[in-house]
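As structure tokens, the structure follows; a few thoughts come after it.
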Amino acid sequence: MRKCSGLSSNFVYTMSYNNTTQPSILNVTEETLHQVSEADIYGFWIGFSLAIFSNAFTGSSYIVKKLGLNRVAKKQEGVLPDHDGYGYLKEWLWWVGMSLMIFGEILNFLAYIFAPATLVTPLGALSVIVTAVMSSIFLKERLNIIGKVSCGLCVIGSTVMVVHSPQETQVHSMDEMLEKVQEPIFIVYCLTLLGVALVFIIILAPKYGGKYVLVYQAICGILGSFTVMGSKGTGIAISQTVKGDQQFTNWFTYVNLAIVIACILVELNFLNRSLAKFNTAVVIPINYVLFTSFVVSLSAVLFKDFFYMNWKDIVSFFLGFIIVVGGIFLLNSFKDMDITMKNLPKAHKKEIEKDETINILVNGNIKNTNDTYRKLDNSQSIASIDQIVFETK
């Protein structure tokens with residue numbers, strides 16, 4: 001009886017295990033992973049705050065560096081650093097701007113440790129606003145009303161992207177990171193981006209870099225995406241090391257560090273050339289669009305960011321990005337036009353009696369009598385008028 005009861009209890013335990021434990025495992029894999037813990041919320045706000053301060057420092061650094069580049073150009077009798085090697089390295093004001101940028105990038109690096117790249121990267125639109133405002137104050141670079149509206153569109157679009165930002169797959173160890181970077185689709189995409197970057201650096205930049213702002217900024221955007229991914233890997237290594245799992249004996253940690261250092265050095269070189277040749281209010285927004293595009297795409301391939309998102313969030317995210325791109329397009333297209341609130345077209349309602357209106361048909365165009373007389377006096381000759389018809393209404 002005891003043996004039988006033992007079998008019965010084992011059988012009941014087995015049935016209980018099969019009926020209760022298995023569903024709980026399914027719940028963990030499908031539901032629990034998508035629940036937001038207090039640690040995730042805490043990390044979200046830390047990353048969000050760090051990104052805000054980072055973009056404030058980064059945006060102001062562009063202005064200070066531009067001031068330094070202008071000082072170098074004056075000392076060299078108008079020769080810009082783009083054509084004179086690296087003379088700006090001797091300018092102290094440039095190094096102040098560089099220090100601000102380094103501090104901003106450190107904060108940005110820390111933000112990537114606490115928050116997903118798809119959250120931190122869109123907040124870069126704040127640097128566009130900071131740069132636009134400061135450039136109009138300190139650099140006297142005029143930003144017309146369309147440019148101001150474009151900056152507002154950048155903020156709105158970035159806000160939509162942040163609200164609907166995808167949740168990247170959590171990677172907690174360097175082993176998991178190494179496993180992800182070995183996936184074939186990620187390797188193919190990285191090789192494609194590297195090939196495009198080399199074409200721009202070797203072939204296009206020497207010929208067209210000084211004429212078209214997109215050439216230098218495409219290089220910065222591609223290399224910036226690798227910088228972010230390397231920062232994520234380095235951040236994971238630091239996090240594991242702080243928790244007691246030493247990762248600075250892992251070769252993959254130093255690969256990530258090398259990627260970050262190499263890409264930043266090359267990226268800064270071409271960014272300085274852009275700032276020396278083009279308007280700051282144009283360089284920074286275009287840099288933001290291309291940088292965000294490449295970072296989001298590379299992060300989506302590596303971390304499968306959009307895999308667990310519903311279609312509404314995906315559509316909203318890309319609509320927000322389209323709004324930002326539209327704002328950048330307007331800013332770049334109308335940057336040289338003198339458009340203010342004063343010279344915008346205004347509609348005036350004129351009350352004219354029908355009986356007193358006299359129109360003249362000149363070459364098929366109806367003209368007011370006074371306008372036609374004025375044009376006849378100033379520019380038009382009788383020989384240029386094919387037909388004059390007076391109409392009284």
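Positions of Cβ are set from backbone N, Cα and C atoms, glycine also.
Those TrEMBL annotations? Automatic predictions, nothing curated.
Noted in TrEMBL for the protein shown:
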TRANSMEM  42-64  transmembrane segment
TRANSMEM  92-114  transmembrane segment
TRANSMEM  120-139  transmembrane segment
TRANSMEM  146-165  transmembrane segment
TRANSMEM  185-205  transmembrane segment
TRANSMEM  212-231  transmembrane segment
TRANSMEM  251-270  transmembrane segment
TRANSMEM  282-302  transmembrane segment
TRANSMEM  314-334  transmembrane segment
Long-range environment of the transmembrane segment (92-114) - Cβ separation under 8 angstroms, sequence gap at least 6: 43-44, 46-48, 50-51, 53-58, 60-69, 71-72, 120, 228, 231-232, 234-236, 238-239, 264
Interface check, the transmembrane segment (314-334) with the transmembrane segment (185-205), three or more C-beta pairs under 8 A: no
Tertiary contacts of the transmembrane segment (282-302), as residues 6+ beyond its ends and Cβ separation under 8 Å: 59, 62, 116-118, 121-122, 124-125, 127-128, 131-132, 150-151, 154, 166, 168, 180-181, 185-186, 189-190, 193, 213-214, 217-218, 220-222, 224-226, 228-229, 271, 274-275, 321, 324-325, 327-328, 331-332, 335
Long-range environment of the transmembrane segment (212-231) - Cβ separation under 8 angstroms, sequence gap at least 6: 109, 112, 117, 121, 190, 193-194, 196-197, 200-201, 204-205, 256-260, 263-264, 266-267, 270-271, 273-274, 277-278, 282-283, 286-287, 290-291, 293-295, 297-299, 302, 332
